[in-house]
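*Asks:* Quick one: this structure, given as structure tokens, is what I'll be asking you about.
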Amino acid sequence: MTIYNFSAGPAVLPKDVLQQVQAELVDWHGSGMSVMEMSHRGKEFMGIAAEAEADLRELMAIPANYKVLFLQGGASSQFAMVPMNLLRGKASADYLNTGEWSKKAIKEAKKYAAVNVVASSEDRNFSYAPTQDRWKLDPNAAYVHYTPNETIGGVEIFWTPEAGDVPIAADMSSTILSRPIDVSKYGVIYAGAQKNIGPAGLTIVIVREDLMGETVAGTPTMFDYKIHADNESMYNTPATFAMYTAGLVFKWLKARGGLAGMEKINREKAALLYEALDATDFYASPVAKDNRSLMNVPFTLKDAALDEAFLKGAKERGLLQLKGHRSVGGMRASIYNAMPTEGVKALVDYLHAFEKNHG
């Protein structure tokens, strides 16, 4: 039986990548060492790190005036690092509130700045994203922060906000590398790796050079982007094995047509699943159609009393980790880059079969 893992994160990794990791685990390229054993300053690992950065730059077409940082601490640490680095003498920042992760970012930013919530979708249980004509931007804000894809709620924003000269900061943890974006429109992009990049423990930050070097008073050394940039992400020991695995994922993506190729596949996968959910009233998708995520698909059963039976039957078919987040309930299928189309088709087949037996 083929197993398909729909976990929101840590999440499915490409089978090809896992097999390469397995083959190289004990002896990387004849070095006599596992990547886990290498000095992060040795020539072997320095080469791995440089190649990973070069491949990510190529995949995302990252301009030369942006630094790529391989950090730790997850997006949750970035909720503090963004204001610490981007306030740059200003007192306030703009935040869009579209779900649980937006709320966490807002809560943390309030420790360092006056937060202006430009718009919120909490009025409809975070089931949509407010269009920009509804935003109340502050021209004096240090930056504008938003979450393009809310992992829990499955709400995605497919356009990039316009804020004039005010830098845009984006938590792309669950959407990065799923489709092309114009990096030059952002001041800072950050993402925990454990959803669409690689193993947990790695956080990728892409930051425009002119936004580094002026931190708020009392900023810890480890929270200063410029320190990490000046030390090529090796101020402290980085998450070496996670960086190596991420580098293999970058090569896997390049071999599949890059981000344009992945977007085509991801849209096809998402369409299959949403069409199945929309075809019946036995299931429901709570998200407005314009904001339905390509990566995280929450859905509910008409009768919540059937939830446990649904999950049990799914597990018996090898469909794992479909339980929704504890804060919202229901189901959630995360269909990241590494989820093959066959996995989505298997889930759709199960949706039909379960309804036939219980509808």
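Cβ atoms are placed via backbone N, Cα and C, with glycine included.
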*Asks:* What does Swiss-Prot list, out of D55, D123, D171, as binding the same pyridoxal 5'-phosphate as A75, S76, W101, T151, Q194, N236, T237?
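*Replies:* So the pyridoxal 5'-phosphate site in Swiss-Prot includes A75, S76, W101, T151, Q194, N236, T237 plus, from the candidates D55, D123, D171, D171.
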*Asks:* What whole-number Å value do you get for the CA-CA distance of D171 (pyridoxal 5'-phosphate binding site) and K195 (N6-(pyridoxal phosphate)lysine)?
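*Replies:* Pair distance, Cα basis, whole Å: 12 Å.
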*Asks:* The record names A75, S76, W101, T151, D171, Q194, N236, T237 as the residues that bind pyridoxal 5'-phosphate; what is their largest Cα to Cα distance in Å?
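*Replies:* Comparing all Cα pairs, the maximum is 30 Å.
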*Asks:* To the nearest Å, how far is the Cα of S76 (pyridoxal 5'-phosphate binding site) from the Cα of K195 (N6-(pyridoxal phosphate)lysine)?
*Replies:* 14
*Asks:* Of the binding-site residues A75, W101, T151, N236, which one has its Cα closest to the Cα of K195 (N6-(pyridoxal phosphate)lysine)?
*Replies:* T151
*Asks:* Near T237 (pyridoxal 5'-phosphate binding site), which residues of its own chain have a C-beta under 8 A away, given they sit six or more steps off in sequence?
*Replies:* H40
*Asks:* Including all protein chains shown, what's the count of other C-beta atoms within 10 A of the C-beta of Q194 (pyridoxal 5'-phosphate binding site)?
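*Replies:* Taking all protein chains shown, Q194 (pyridoxal 5'-phosphate binding site) has 23 Cβ neighbours within 10 Å.
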